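Taken straight from TrEMBL:
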{"type": "DOMAIN", "residues": "5-119", "note": "domain 'Response regulatory'"}
{"type": "MOD_RES", "residues": "D55", "note": "4-aspartylphosphate"}
{"type": "DOMAIN", "residues": "131-201", "note": "domain 'PAS'"}
{"type": "DOMAIN", "residues": "205-256", "note": "domain 'PAC'"}
{"type": "DOMAIN", "residues": "276-498", "note": "domain 'Histidine kinase'"}
{"type": "DOMAIN", "residues": "519-638", "note": "domain 'Response regulatory'"}
{"type": "MOD_RES", "residues": "D570", "note": "4-aspartylphosphate"}
Amino acid sequence: MSQPLILIVEDEAIVAMDLRLHLQDLGYAVSGLASTGEEAVAMAARTRPSLVLMDISLGAGMDGIEAAHHMQGMGLPVVFLTAFADEATLTRAKESGPYGYLLKPYDERTLHSTIEMALYRHRMEQELKASESRMRAIIEHALDLVVILDQSGRVTYSSPSAERVLGYRHGERYGTPAAELVHPDDLGPYAAILRELIQAPGESRAVEIRILHKDGTPRLMEAVAHNAFEVPGVHGIVINARDITERRQVELDRQAMEAKVQQAQKLESLGVLAGGIAHDFNNLLMGIMGHAGLALMDLQEDSPLRRRLHQIELAATRAAELTNQLLAYSGRGKFLVEPVSLSRLVDEMESLLETVISKKAVLEHQFAPDLPLIDGDATQLRQVIMNLITNASDALGERTGKITLSVGTLPTGPLTPCLAGTPPEGESVFLEVKDTGCGMALDTLGRIFDPFFTTKFTGRGLGLAAVLGIVHGHHGAIQVLSEPGLGTTFRLLFPRSEETHGHDLWQDRPTLAYSSQGTILVVDDEETVRSVAAATLERCGFQVELATNGRDGLRAFRHRAADIRAVVLDLTMPIMGGDEVLAELRSGPGPGATVPILLSSGYSSSDVAGNLQRFAPIQFLQKPYNPADLIQKIRSCLGE
């Protein structure tokens, strides 16, 4: 597939050049840079880009909104770039049908997701338009079939189009009962309408009915039957029928396409929601996790309160994982791979799983001893287990039944039958969910991993599709056994890890006894984050300078540059974001060019830090973090 071609329309040359670098890093091709509306329209007509990134304000002459109207006429999708806009400007912008808005400043992750959603939406709309064009062509070129029946329902006349529509030569069906051509399932309604119409001179009835082609295949006909027994020269039931089989299929395809476009818009909204949660929700969790960590540092090693504080930390960690799950659904999730024990994972989830299954279901566990570890993302694997257990509970419905959750090992290889994925070579670690529910037929079994396909009520169709994506991401495979009325078994096969020790969320965190001196600048808009960071650093002997936004942080650094040994910098802040502060500090000679910087954010390091590595030395700390994590990172920044 060729690279999407993107036209940049931006009157600030530095911003345009920087945007081009970001786009090229993301794998897009840039068709050109335009600084005026007139230049943009001409360049778009010449290069026909896949997408236009358009600044709303372009100085004198044609502005971005007017230029976007021209792009709309060319059928090109436009995403607006703007730092701010009043209500009147936004109203004008909406009329040009933009495919999205990017508020300056924006990070590379937001840029990438906005472009991909706009391109996907445009593709869906183009396919939808093509589908509608096909439907119009079918309707315009369809020739009606005309049939006349006598009072006994036998054919006395059929138009020449019968051969094209149903495969019968002209006159071949004369004198035969029309009922012989009706699909068996439609015979009842057909006979009822015929009886009723024969008793109603001059009246008509409209109906959709399946008629059998000469080759035996059913054709869906849209028919109007009229009682013309009193019409001279006719004396019968006149039926005008049109074959709408293809048209109905096109309508179904169009509805499916519209659903995909709507889903693209929902995913875009979910991405915005996840972004807000990643910042705001994780900042709130900082207060819980941070103060619990500080309290742990104050307690003796044998204090009975340590276990309770660990429970608080673990609950906060689980809450933070909700953010990662939302980011995964919006296309922004990343796998954090580490050695994982499936037995331990299932054991930790036991009480939670009991709450999500039907009250009439019994959940049983079967664990193999000394189970090998797998290399995986514990958060994603929890989501897989939750989805499979929920699916099994739904299969039971209101009936009493049993759900069995098993983990173990078994030998696998290329010949191991799997419904999805490639089975690992050698010994696999399996996770199996078996239910005694309704089961599935073969035709259903072949579609269970299709996106948005569901045999359940509306809104529950993403579960197994998500399972498939996560298992593929772990280089695993899926076996499914099911029979109607006998239940279903899902068995996930994972390659075993070379590691023998996994990550333990329950282990006691080290207090990291550490003493130093100097000043650390903490720049974060959340008071909770600032207070936890300040308390942690002060107990290590540092003086702490605090700032609530990027602009104040720059001012504080310049005032005390000689004293500041490191900067803890939040990426998402009002007035001036952390990425702008970082660029400003590194822009020239002086202390700011070399001071160690610790970036913090609710997003993962792979999401936000990749395009900032040119500003080294920097390190990254994901929120929410505990005091021990902060101390460890500061020591690393300072080389102590």
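Backbone N, Cα and C define each Cβ position, glycine as well.
Sorting the domain 'PAS' (131-201) by DSSP state (H, G, I as helix; E, B as strand; all else coil) yields 36 helix, 12 strand, 23 coil. DSSP assigns D570 (4-aspartylphosphate) to a strand. Note: the domain 'PAC' (205-256) comprises 12 helix, 25 strand, 15 coil (DSSP; helix = H, G, I, strand = E, B). The secondary structure of D55 (4-aspartylphosphate), as reduced to three states from DSSP, is extended strand. Mean per-residue pLDDT, taken over the domain 'Response regulatory' (5-119), amounts to 87.
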